[in-house]
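Peer 1: Below are the structure tokens for one structure; questions will follow.
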Amino acid sequence: MSDTTLAKSFEPQTIESQWGPEWEKRGYATPALDPSRPDFSIQLPPPNVTGTLHMGHAFNQTIMDGLVRYHRMLGHNTLWVPGTDHAGIATQIVVERQLDAQGVSRHDLGREKFVERVWEWKERSGSTITGQVRRIGASPDWSREYFTMNDKMSEAVREVFVRLYEQGLIYRGKRLVNWDPVLLTAVSDLEVVSEEENGHLWHIRYPLADGSGHLSVATTRPETMLGDVAVMVHPEDERYRHLVGRHVKLPLCEREIPIIADDYVDREFGTGVVKVTPAHDFNDYQVGLRHALAPIEILTLDAKINDNAPAAYRGLDRFDARKAIVDELDAQGLLESVKPHKLMVPRGDRTGVVIEPMLTDQWFVAMTKPAPQGTFHPGKSITEVSLEVVRRGEIKFVPENWTTTYYQWLENIQDWCISRQLWWGHQIPAWYGENGEIFVARNEEDARAQAAAKGYTGALKRDDDVLDTWFSSALVPFSSLGWPNETPEMKHFLPSSVLVTGFDIIFFWVARMVMMTTHFTGKVPFGTVYVHGLVRDAEGQKMSKSKGNTLDPIDIVDGIGLDALVAKRTTGLMNPRQAATIEKKTRKEFPDGIPAFGTDALRFTMASMATLGRNVNFDLARCEGYRNFCNKLWNATRFVLMNCEGHDCGFDKPEVCGAGDCGPGGYLDFSPADRWIVSLMQRVEADIAKGFADYRFDNIANAIYKFVWDEYCDWYLELAKVQIQNGTSEQQRATRRTLLRVLETVLRLAHPIIPFITEALWQKVAPLAGRYPAGKAEGEASLMVQAYPVAEPKKLDEACEQWAAELKAVVDACRNLRGEMNLSPATKVPLLAAGDAAQLQAFAPYVQALARLSEVRVLPDEAALDADAHGAPIAIVGGNKLVLKVEIDVAAERERLSKEIARLEGEIVKCNAKLGNEAFVAKAPPAVVAQEQKRLAEFQSTLTKLGAQLARLPA
């Protein structure tokens, strides 16, 4: 193999397009089920089939793929199951918009035809996100890919629903739910975004029924007063205690309602008197239950006033009704005041419409009802079991503080509304008789058999509703492994090893997986939950379409032009008026668009930012730095190949380093530099193993970066050049062997984080390093399934580490002297040195090369050095004294130093004036003040050095 076999520059797309499909074709991700090996498995949180990859996905999958590749290389039975979620609401909206563009509604098509259209769209577009997952280098077992609506997953969903119903843990009832009046469906809390908005607080007079006065009631939603069933005060509020039990007249309605007392009331809010509307407020609903107040619904499902309200308001939209009601209250003298008020407004994340609490018939899972006999945990509720397994340590949260959040949510849990008024999703397996009879069954045939057994022979109609998407997602830990069948995968990979997830879905997905898995399998779904932060922009702002700060990870990988980026950010905005602002911001931030960084640079960036529990403020500048790292690694490999190909690299003897083989006169004569880099490698390997164990991907990335860039490239390669040029054949052989073996180990170490570049380079390096599998031609083996490096303490060599530290200190001192004397890199001058003569002689060839010196002259003592220095700057390193012998014009040098000293003194005066100005320190951003303080310190340090130089010049 010649040195031209490795391209001159790193071209990510070429490598990615070759190796991504190749890994998949070879089936490396399919696990062996070897009972003698440890098992490692992980679930890919199924992305929406409608979706495209976002930065959160890219971050999450970098972490998961890093773990999977690491354990696969450790030789574990490793399974990563991929899948996509049918995403009920999101998918239905996409297809309905397509129909709207054709002037057709789903009701025009009918349910069956509409669902067919959704399946057609899924088949056309569903592979978009899985293709993007592949582009990020993810290596799950694609042969096991599932879709939450496929036959096997649907069977598991029906089985779970039927069993829970038979166990009395699923029921149908009328309860208050989040209702989207545009989509006309219940929605989960996760699909509701509450943000602070400017509103009003209306103070309304409710006359006492006996005519003796009135109560002033504060409300932010006057339209719902039509459904009031009481007004409420705090039981200890002296202002109103005497009125409890009496009645007020409900304005605009011909009803009297009671005055009740409840601890829920905040005496400091408004007047301390609030209205109670159980049918349209979650807190009021609980108050209504406590006080046995029958709710009165006053809104239709599309948020218009219904027939329970006075005739004047019927049919009005809720916000039109608000205006009409306020106007009428004002006309009747019942509107006391209107004040500006900030409040949290819940909006549907898909429609942007204000969500209404609505009383509707829905299906629920009982969260706190004890499970019956015959289940894995009889007498305990699914919530109770979910708390116990975490308290017992069967599931651990990383970072641990998320355990408290998990407890708080489960300890205050409400029954789970699992029905949705949609057409796309798992249709609820319940059939109704003509008189409201309910038959829950796995299929219609079973439902008819149930009905017949109960003496019902009439028509059956299936429930129109579908299940909450989170219901099927909660089953994934076991449904994706073949449940309800007992499969080998269930035995090996349940519980899975770790779940990697953002904190935003601990409640909606994580806890529900724990509930369902413990209830149906008796096992926990996973042993560890690694909770990471959210990916935000460089300023820490949440990435959102409306802010115009989103980044597409594929655009970072492939690059994108400015105009295309602007178009992507300004198309499909919920508020098109934001387009101009977003375009201006984008053109300023990315004047040349986004260059192609490649997958490895993106993954390295994500890993480096994965600190425990913190949000990730993604900065493209960091991405550029890691692309530079990839280039550095590529160029270092080219150097190693060019210096090792066709040479004796010390692999002719299969077994070396026996007695006398690895020292002076042996087959390999390893230098202290060779032993130092190998010793340091052991420490890095140990640090990386700890990083994986602790889920500290930032530490893993930093350890790889610092070792490769700061130690191997910046130091060892330079030392190796000297050894190859000046060493004996045994020393050259040892150096080449070390160059190759350390580089090959680096490629294996870094592979879980940067898989593509490491694979491409390993194909070239491993054969030379004697690490390519026997009998395999180049390209036939893969780094993906090689053994992961493990630290060998016996290779630690503290003496050589100390040797390297002292050599570095001498080289750095020489470089600093060159800087002080303004010597150009091309100017080579002699170094005079005195001190530890043996050490200095050993260091001499390295120092001469690395510090760009013409020679290194070791003098017998300091007196000889001082006599020869002629006032030149001196550096002291340990017991060694160093001086660069440069013939200088003393008068000219004195003048130059004096001018520079005067300039620095002037700069110091300016800095002190700024920092002494209280207004500047108080008003300037902290970063600006810190920068000024840093400038002052640098000026003072340089001034001290120049003063010492001036003092050393001969008179």
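Glycine is no exception: its Cβ is also placed from the backbone N, Cα and C atoms.
Feature table excerpt (Swiss-Prot):
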| type | residues | note |
| --- | --- | --- |
| BINDING | Lys545 | ATP binding site |
| COILED | 887-953 | coiled coil |
| MOTIF | 47-57 | motif ''HIGH' region' |
| MOTIF | 542-546 | motif ''KMSKS' region' |
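So where do these features actually land, and what's packed around them?
Peer 2: Taken residue by residue with DSSP, Lys545 (ATP binding site) is part of a helix. Cβ contacts within 10 Å of Lys545 (ATP binding site), excluding its own Cβ and spanning all protein chains shown: 17.
Mean per-residue pLDDT, taken over the motif ''HIGH' region' (47-57), amounts to 88.
Residues 54-55, 534-536, 569, 572-575, 578 of the same chain lie 6 or more positions beyond the ends of the motif ''KMSKS' region' (542-546) yet place their CB under 8 Å from a CB of it.
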